[in-house]
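Copied over from TrEMBL:
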type: DOMAIN; residues: 90-334; note: domain 'Sulfotransferase'
type: ACT_SITE; residues: K99; note: active site, for sulfotransferase activity
type: BINDING; residues: K99, G100, G101, T102, R103, R182, S190, Y292, K308, G309, R310, I311, H312; note: 3'-phosphoadenylyl sulfate binding site
type: DISULFID; residues: C293-C303; note: disulfide bond
Amino acid sequence: MLFKQQAWLRQKLLVLGSLAVGSLLYLVARVGSLDRLQPICPIEGRFGARSQAEFPLRALQFKRGLLHEFRKGNTSKEQVRLHDLVQQLPKAIIIGVRKGGTRALLEMLNLHPAVVKASQEIHFFDNDENYAKGIEWYRKKMPFSYPQQITIEKSPAYFITEEVPERIYKMNSSIKLLIIVREPTTRAISDYTQVLEGKERKNKTYYKFEKLAIDPNTCEVNTKYKAVRTSIYTKHLERWLKYFPIEQFHIVDGDRLISEPLPELQLVEKFLNLPPRISQYNLYFNATRGFYCLRFNIIFNKCLAGSKGRIHPEVDPSVITKLRKFFHPFNQKFYQITGRTLNWP
C-alpha cells in the first residue's frame, strides 16, 4: 500500500514538474518576445498624426499576429477597423538593382517593428498594364499597417525602366529610394545564373556567359546584353536624378550586406529616420546555408529561400578582367555622384 502511494506521489510530482517546466519555457519565450516589442517613442512627425505619441505596443504585436492572420484571410473588416489598420502607400521603395540583394534587404528591414513590407513585387510603375489600373489599385496591393508604421515595397526592375522615375515622382516627390548594388561583374554573372537555372528547369539550352557578355565580332564587352547594361549603375541613376535629388537616395552595399549585414542595416535605419532597433541578436550566420538568417524573437527565425546564394558557373578569368576594366570608369562616376566609395576592383 505504501509502495503504491509512493509511486502515485512520484507520478504526481513528475506531472507537476512537467507543467512547471512548460510554464517556465512559455514565460521565457514571452519575455523574449516582449523584449522585441519595446515601444518606439517618440517618432517626430514621420509616421502620421499621432507622431508625438508612443508607438503603441499593440502595433508591434499586430505585426507578428494580426497581420499574419489577415494574410491567411482570417481577419474581418470589423477587426481591421477596430485595430485602426490601413493600407498605406509606401514611404520608401527599394527600386533595385536586380540580383543586388533586394529580397534580403527587404526581409532584413522587416525586422524593424516600425516597418511593414509588401511580400510580393508589385511591378506597378514598370508595368504599363498595372500602372493603368491607377494608384488605388497600387494602394490595395499594400499590406495592412498602423498609421505610425511605414510600408516598403521592392521591385528591382524599377531602377532600369525608363518611365518609372517620373511615375514615382508623380505619386510622391519626397519618397525615399533605396538602391542596393553589388560589384558589377559579380552582379552580371548572378543575373546570368538565375536565367540559366530557369532555362535548365525547362530543359532548354543557353549560351555560356562569355559568349553573351563579349561581342564575338569585336571582342569587346557587349553592351546590348541586358545583364551588362543593368550593371552600368551610373547610367540608370542619372535618369533618376532628373526627378529626385541625390539626398533622397541611399546606396546599400549588397556585398557587405552578405558578409556583414548589421552596419548596412543601421545606415538604412538612419536614412529612413527610424529609431535603431535592429541588433546583432536579430542576425545569425547559418553555416549550412552560408549566409545570415533572421531572428525576430526567441521563437521565430527565418532564412531566405533556398534559391538565394546560387553557385555561379566558372567564368573565363580574362572575361572577368575585361568586364571589370569596362565597368571601372562607370563605377568611379557612380562613387562621385552618390558620395559612397565601394571596394570594387
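Just so it is clear, glycine is given a Cβ too, placed from its N, Cα and C backbone atoms.
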Practice task
Between the Cα atoms of G101 (3'-phosphoadenylyl sulfate binding site) and C303 (disulfide bond), find the distance and write it as a whole number of Å.
Solution key: 14
Practice task
Specify the nearest of the recorded positions K99, C293, C303 to R310 (3'-phosphoadenylyl sulfate binding site), where nearness means the distance between Cα atoms.
Solution key: K99
Practice task
Let me know how many other Cβ atoms fall within 10 Å of the Cβ of R103 (3'-phosphoadenylyl sulfate binding site).
Solution key: 18
Handout entry: Top Cα neighbour of H312 (3'-phosphoadenylyl sulfate binding site) in the set of recorded positions K99, C293, C303
Key = K99
Completion exercise
Students should find that the Cβ of G101 (3'-phosphoadenylyl sulfate binding site) has, within 10 Å, a number of other Cβ atoms equal to 27
Practice task
List the Cα distance (Å, whole number) between K99 (active site, for sulfotransferase activity) and C303 (disulfide bond).
Solution key: 17
Handout entry: Length of the line joining the Cα atoms of C293 (disulfide bond) and R103 (3'-phosphoadenylyl sulfate binding site), in Å
Key = 13
Exercise for the section: Report the same-chain neighbours of S190 (3'-phosphoadenylyl sulfate binding site): residues 6+ apart in sequence with Cβ closer than 8 Å to its Cβ, ordered by sequence. Expected result: K99, R182, R310, H312
Fill in the blank from the handout: Quick note, C303 (disulfide bond): same-chain residues at least 6 apart with CB under 8 Å of its CB -> N286, R289, C293, L294
Handout entry: Cβ neighbours of C293 (disulfide bond) where a neighbour is any other Cβ within 10 Å
Key = 16
